[in-house]
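A.B. asks: This structure is in structure tokens; I'll ask about it shortly.
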Amino acid sequence: MNARLIIALIWLALPLHAQGFAGLGQGGEGFALPEPGRVFDFPADHGAHPDYRIEWWYVTAALTGEDGRDYGVQWTLFRSALTPTGPQVWMGHFGLTTPDAHFTGERFARGDIGQAGVEPTPFDAWIDDWLLTGPTFDTLQLTAQTSEAGYDLALLAQGPLVFHGDAGFSIKSQSGQASYYYSQPFYEVTGTLDLPEGPMKVTGKAWLDREWSSQPLEGDQEGWDWFSLHFDDGFRLMAFALRGGADFHYASWIAPDGTLTPYYGDALGLEPLATSVVEGRDVPTRWRLTLPAQQVDVTVEAVNPGSWQSTLFPYWEGPVRVTGSHAATGYLEMTGYE
Amino acid sequence: MNRAALGALLSHWVRHPLQALTLVVGLALATGLWTGVQAINAEARQSYDRAAETLGQSALPRLEGPLTLRDLATARRAGWPVTPVVEGRLPGSRARLLGIDPFTAPPTGASDDLAEGAGLTGFLTGDLVFAAPGLDLPDGLPEVRVLDDLAPGLVLADIAVAQRLLQTSDISHLLVLGQAPVGAPPLTDLLPGTTLVDPAGQGDIARLTDSFHLNLTAFGLLAFLVGLFIVHSAIGLAFEQRRPLFRTLRALGLPTGRLTVLLGAELLVVTLVSGTLGILLGYLVAAVLLPGVAATLSGLYGASVSGSLTLSPLWWLSGFVMAGAGLALAGGQSLWQLARLPVLAPAMPRAWARAQATTLRRQAMAGVALLLLSLSLALWGQGLVMGFVCLGALLLGAALLLPPLLSVILDFGTGRARGALSQWLWSDTRQQVPGLSLALMALLLALSANIGVGTMVGSFRATFVGWLDQRLAAELYVDPGTAEEAAEMVSFLEGRVDAILPVISVETLLEGAPGDLFGQVDHATFRDNWPLLDAVPDVWDRLAAGEGALVNEQLARRTDIWAGGQIDLGAGGTRDVLGVYSDYGNPRGQAVLGIDDFNDRFPGVTPQRYGLRVDPARAPEVSNALIEAFSLPEGRIIDQAGIKGFSLAVFEQTFAVTAALNVLTLGVAGFALWASLTTLGAMRVPQVAPVWALGLSRGRLAAMDLLRAVILAAFTAALAIPVGAALAWVLLAVVNVQAFGWRLPLLPDPLGWLTLAAWALVAAALAAALPSWRLWRMPPAQLVKVFAHER
């Protein structure tokens with residue numbers, strides 16, 4: 001899920017921003033680099049890895065309200081080390097999507113003073129008063145609010161952690177840039193959205209991504225499209241395409257028991273079907289996604305095409321509805337559309 | 001037709017180049033002084049705005065108390081949108097160091113540079129700080145990037161870097177950027193020992209300096225008005241002299257409307273030319289005066305003003321508008337008369353003079369009314385604006401009273417005059433008063449303003465210097481640095497000096513507004529030298545025993561709590577007020593506790609400075625020993641003479657600015673007088689000619705003219721002295737109290753006043769010299785012509 005990597009690196013405010021979402025030629029010199037065959041150590045690995053340049057805790061929740069409408073929630077905490085020995089800085093993103101509105105929030109903090117951080121046991125990730133906290137990684141409470149809207153959700157894991165790529169070593173380009181990447185895709189969610197028109201009780205499914213690395217992308221990769229889908233039959237799918245240079249495709253097919261099958265390259269088909277004009281840009285908000293190996297041929301459509309995160313480094317992120325060979329709810333993130 | 005008429009009209013200026021010069025120079029002077037003052041004010045305001053905008057600091061509530069970055073985390077985790085600030089003087093320089101947290105701070109002048117990646121990384125790792133242009137910075141700083149947008153005198157660093165440079169782990173305060181979510185505990189509960197300070201209660205630089213700028217603006221407006229008198233007389237003369245020409249043109253068939261339009265166009269051209277000249281002159285005035293004003297503002301109020309001037313299109317425009325408005329005002333009356341001029345209008349000087357009597361009565365009544373208004377405002381008025389209205393009413397009232405008073409004096413003189421010649425001189429002078437009154441009023445205004453402002457600055461300076469002598473009694477002041485260094489320094493100094501007097505203070509709320517609370521040892525230095533305005537018996541013994549506090553005059557005036565009352569000293573508790581001391585130049589409230597009392601309350605606080613009492617002859621020796629023993633950098637040790645020298649330099653700057661404005665206004669007033677006399681000189685020929693024909697030589701007539709101008713100026717100056725003294729009193733006892741909260745004693749400077757009056761006489765003599773010379777040199781034929789031609 002390099003989506004997040006690039007945001008974080010751009011957020012480091014490297015000249016990248018001026019060059020668009022491309023050109024991530026920054027080296028990881030002095031930082032630790034991901035290597036295949038890592039033995040993950042939990043709960044310690046739920047905490048921060050300051051030797052690595054960038055890292056995040058990324059929650060997306062596809063929800064249904066009491067009124068039967070679709071809602072979506074995003075909560076992200078990014079950590080970044082400015083230099084291998086230097087200061088750690090933190091960034092939080094807030095997203096709340098309804099079929100006709102989208103709310104954005106953003107927070108920043110310096111490390112080492114307690115304004116933001118992550119503790120593995122008991123699990124506690126926070127920036128200001130935006131919290132992801134619970135006795136274990138399986139039982140979490142998610143709260144955040146802006147001046148316009150907020151949410152308070154309980155997340156209960158119904159399955160195991162899953163490890164993308166080669167047992168958590170996730171390759172991001174033809175030339176081998178990689179990250180450590182695992183997820184908890186099996187949360188059941190209950191809770192309340194605090195909307196301008198009043199509170200809304202919601203239920204649904206959430207997905208938590210953990211990823212860290214130091215130098216993940218090729219210089220000519222300019223953006224990505226990332227999908228996380230919860231199928232009605234209990235299967236999960238994570239799929240992404242990195243655009244630019246030689247396009248790079250990857251998908252994780254996850255069985256209800258947590259068994260993960262990775263697919264590379266042409267095994268995953270992604271085709272934009274329709275675009276919407278969002279903030280002056282053409283963004284694909286309806287997709288055809290195919291994974292023939294699992295007989296998947298579906299149409300993915302944004303619940304709200306205007307799910308634009310107008311943060312310091314803006315991108316599109318919002319809930320989707322899936323129809324076709326399989327029915328699903330899920331989340332879509334797209335960056336690099338200028 | 002148009003071209004011929006225009007040529008005829010303009011030919012007047014070619015034949016009278018001096019008049020053209022008067023008009024253009026008068027308007028240019030008026031516009032120039034006005035725009036110059038405006039430019040200075042605008043530049044200063046812009047500097048304050050930049051300072052305030054750096055964090056929007058002046059508009060935001062702040063949490064004060066013992067705070068660290070951990071407290072920032074606590075407040076933010078509770079949902080409070082706060083951002084930390086560390087402030088202090090950058091060691092080894094006069095720059096203000098501001099430490100901010102770029103992650104939580106609202107946009108600053110450095111935002112763009114921070115958004116660029118290397119900038120942010122360097123800023124956070126301590127490899128980069130930002131600085132305002134033109135700062136003299138000490139060695140040992142990280143890379144300094146100069147940003148034009150930063151407030152003058154400011155160095156901006158990451159908060160951790162600033163803490164390192166200031167050798168502190170505390171933060172100065174937390175700025176509160178907005179509301180916390182519902183249910184969040186109040187900040188003062190979350191962080192015990194802190195207080196929330198409302199921005200309304202803070203000493204806002206702009207407000208403090210407002211009166212200074214109002215003074216400048218008043219000066220500028222005054223100069224403009226005086227300039228208008230010049231323009232008025234120049235235009236009046238030009239119209240008067242061209243009457244025969246107008247008649248000729250009209251007789252040749254030029255319609256009145258066309259003539260008026262042509263003359264209006266002429267005025268427009270004059271406006272453009274003089275306006276441009278005036279704006280250039282204004283730029284010059286501003287460029288010359290700005291460094292002095294900047295030094296004054298920074299010395300008096302700690303407000304930093306950039307010393308360089310930017311030429312803004314706004315004051316180009318305002319210069320033209322002022323020039324145009326002035327010309328319309330001065331020339332409108334003449335144009336109006338012209339439009340209604342019968343083709344063959346006779347001259348009617350006597351009728352005009354008779355109408356003047358009514359005008360004089362009205363003026364006298366208006367003048368008395370204005371003076372009464374001014375008096376009642378001085379006694380009962382509240383607020384700075386009322387203070388200035390009081391000033392304005394005083395000046396205008398005095399100016400309006402001048403012509404009636406002069407008439408009364410001259411009537412009296414006429415009645416007492418013996419001999420035909422002296423009688424003629426008195427009554428002829430009386431006859432000229434209406435024509436000269438505008439110029440004389442201008443002279444009165446300029447003289448009174450100069451006397452008033454000069455007296456204020458002089459009183460301020462004398463009082464302040466006396467106060468410095470009292471308050472800066474110690475010979476050396478040393479900044480001890482850290483607590484360890486301080487302890488070492490004290491033991492090093494034992495035996496080397498007569499006394500070590502710590503200067504120790506905390507910031508706290510005094511009756512709800514931020515101020516400073518000091519601890520003071522019991523020492524003869526204070527007993528002998530401190531000026532107490534109000535005190536209970538045995539005040540020093542009781543202070544040393546911890547029975548109460550001293551407060552400064554500002555605090556006492558603001559709260560109206562004096563010796564014998566009780567005052568809330570915030571973290572210092574509620575105390576009896578034992579005495580009130582004067583504390584000039586300090587806008588903030590201040591209170592003093594006995595040192596033991598202070599240390600009980602604030603055990604962790606270390607002295608910011610030590611005052612060292614030592615035989616003045618040995619001061620340099622002690623100073624050198626300290627510098628060697630502790631390798632003190634420059635600026636950590638200051639001798640008394642240095643501080644006094646700096647303070648006096650500030651006043652010299654203020655004086656320089658005042659003196660320059662004095663010379664300019666007096667010069668402009670003299671110019672107005674000259675222009676009026678020139679105008680009158682030409683108009684008076686028919687009145688002088690009969691006296692000449694009766695046998696008085698031209699030389700004696702000219703000498704009498706010169707004498708008359710000097711006498712009128714002397715009367716005016718005699719009136720200006722009491723008006724100026726009253727003005728000084730209003731400035732010191734009304735405006736100053738309203739603006740700063742302290743009152744200064746009025747120190748009359750009769751010698752200075754007489755000198756100014758003498759200068760006014762010199763100016764009048766100079767102004768009358770040329771018209772008199774002309775009369776003296778006037779060809780007899782021209783005087784004879786008066787009898788040949790019916791004018």
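Going from the start of the chain as shown, residues are counted 1 onward.
Quick reminder: no glycine exception, Cβ is built from N, Cα and C everywhere.
Curation does not apply to TrEMBL; its annotations are automatic.
Per TrEMBL, the features are:
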TRANSMEM  B:216-240  transmembrane segment
DOMAIN    B:218-340  domain 'ABC3 transporter permease C-terminal'
TRANSMEM  B:261-294  transmembrane segment
TRANSMEM  B:314-339  transmembrane segment
TRANSMEM  B:360-380  transmembrane segment
TRANSMEM  B:386-412  transmembrane segment
TRANSMEM  B:433-453  transmembrane segment
TRANSMEM  B:655-677  transmembrane segment
DOMAIN    B:662-780  domain 'ABC3 transporter permease C-terminal'
TRANSMEM  B:706-731  transmembrane segment
TRANSMEM  B:751-770  transmembrane segment
A.B. asks: Cβ under 8 Å, sequence separation of at least 6 from the ends of the transmembrane segment (B:706-731): give me the contacting residues as numbers and ranges.
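C.D. replies: Counting only partners 6 or more residues beyond its ends, the transmembrane segment (B:706-731) has Cβ contacts under 8 Å with 374, 378, 387, 390-391, 394-395, 398, 402, 405-406, 409, 425, 428-429, 432-433, 436, 440, 443-444, 447-456, 459, 673, 677, 746, 748, 753, 756-757, 760-761, 763-765, 767-769, 772.
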A.B. asks: Which sequence positions outside the transmembrane segment (B:360-380), separated from its termini by at least 6 residues, show Cβ-Cβ distances below 8 Å to it?
C.D. replies: 386-387, 389-391, 393-394, 396-401, 403-404, 407, 730, 733-734
A.B. asks: Kindly state the mean pLDDT of the domain 'ABC3 transporter permease C-terminal' (B:218-340) in the predicted structure.
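C.D. replies: So the average pLDDT across the domain 'ABC3 transporter permease C-terminal' (B:218-340) works out to 73.
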A.B. asks: What does DSSP give as the helix, strand and coil breakdown of the domain 'ABC3 transporter permease C-terminal' (B:662-780)?
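C.D. replies: Counting residues per DSSP class in the domain 'ABC3 transporter permease C-terminal' (B:662-780), I get 102 helix, 0 strand, 17 coil.
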